[in-house]
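Record features (Swiss-Prot):
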BINDING   T152, G173, D195, N234  S-adenosyl-L-methionine binding site
Amino acid sequence: MAFQECVIEVAQDQAEAWSDALFDLGALSVSVEDADADTPDEQPLFGEPGLEPKQLAWNRSRVVALFGDDADPAVVVAAAANQLGIDPVPAYQLRAVEDQDWVRLTQSQFEPIRIGERIWVVPSWHDAPEPDAVVLELDPGLAFGTGSHPTTRLCMQWLEQNLKPGETVLDYGCGSGILAIVARKLGAGDTVGIDIDPNAVEASRYNAERNRVEASFALPESVSEASYDLVVANILSNPLKLMAAMLSARVRAGGRLVLSGVLERQADEVAAAYAPWLPLTVWRSEEGWVCLHGTRGAQP
């Protein structure tokens with residue numbers, strides 16, 4: 001089956017209305033994009049979690065609607081414009097989208113990723129690249145974190161170089177469970193992953209089972225407030241600052257804290273947020289991101 005893609009450039013305040021109208025009139029899918037993407041005028045829109053976006057669409061928004069080959073996009077666009085009280089009907093672009101083996105196409109875009117000296121993240125449709133590699137079998141999909149982002153790589157490299165056998169580990173904001181899983185594969189003891197997203201918890205459990213690793217994954221309210229030898233959190237700077245007291249309390253006396261998801265320019269303010277409990281320094285940076293680490297001293 002072939003498809004038709006219809007692209008309409010609209011004003012920022014019309015993007016949501018156009019999306020709703022096209023979908024109601026039979027579009028198979030509708031998305032809104034920045035019309036200036038990949039140009040000097042590209043407009044960042046969404047910030048970190050905990051910070052409300054200043055606006056909900058780009059100044060020059062592009063509405064992209066997908067139709068089946070039996071649909072008449074011209075009729076649909078005209079009907080949507082009439083429904084919205086817009087006259088004349090705006091210009092739009094049409095292009096044919098040929099049906100493909102979408103699974104094979106998607107798989108071809110993901111190759112094994114080497115992290116550090118021995119760690120490899122390998123999709124299920126690939127073989128392990130080295131016989132003595134520490135292999136994480138992980139497919140892109142249900143939740144976040146396949147090892148491709150610098151912050152994930154930094155945390156995994158830290159674990160490879162610094163984790164001590166038998167240490168207990170808390171992975172806060174576990175996403176796909178990748179850090180908890182690699183910690184267990186590197187010799188960690190009891191390991192717990194926490195995430196506020198039930199889908200992430202589900203994905204982490206699935207990935208741990210697939211990798212033949214024993215680790216616990218749960219929502220925050222389901223986990224006791226125990227302390228750990230190592231706490232790792234790869235989130236973003238604003239949530240990390242808000243959770244400074246809580247995350248620090250999860251680190252036992254003499255234990256270590258590892259944070260990432262922090263830009264180089266944000267490192268000092270994140271370290272300052274944790275200063276009442278433990279000192280944090282930059283362990284390593286990559287592509288503008290940093291990994292912070294520190295040891296909690298003996299508690300009074």
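Yeah, the Cβs are placed from backbone N, Cα and C, and that goes for glycine too.
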| note | If you count the other CB atoms within 10 A of the CB of N234 (S-adenosyl-L-methionine binding site), including all protein chains displayed, you should get 27
| Relative to the Cβ position of G173 (S-adenosyl-L-methionine binding site), how many further Cβ atoms are located within 10 Å? | 25
| said: When DSSP is mapped onto helix/strand/coil, what comes out for T152 (S-adenosyl-L-methionine binding site)? | reply: helix
| query | Over all shown protein chains, what is the count of other CB atoms within 10 A of the CB belonging to T152 (S-adenosyl-L-methionine binding site)? | reply | 25
| Given that the record lists T152, G173, D195, N234 as binding S-adenosyl-L-methionine, what is the largest C-alpha to C-alpha distance among them, in Å? | 16
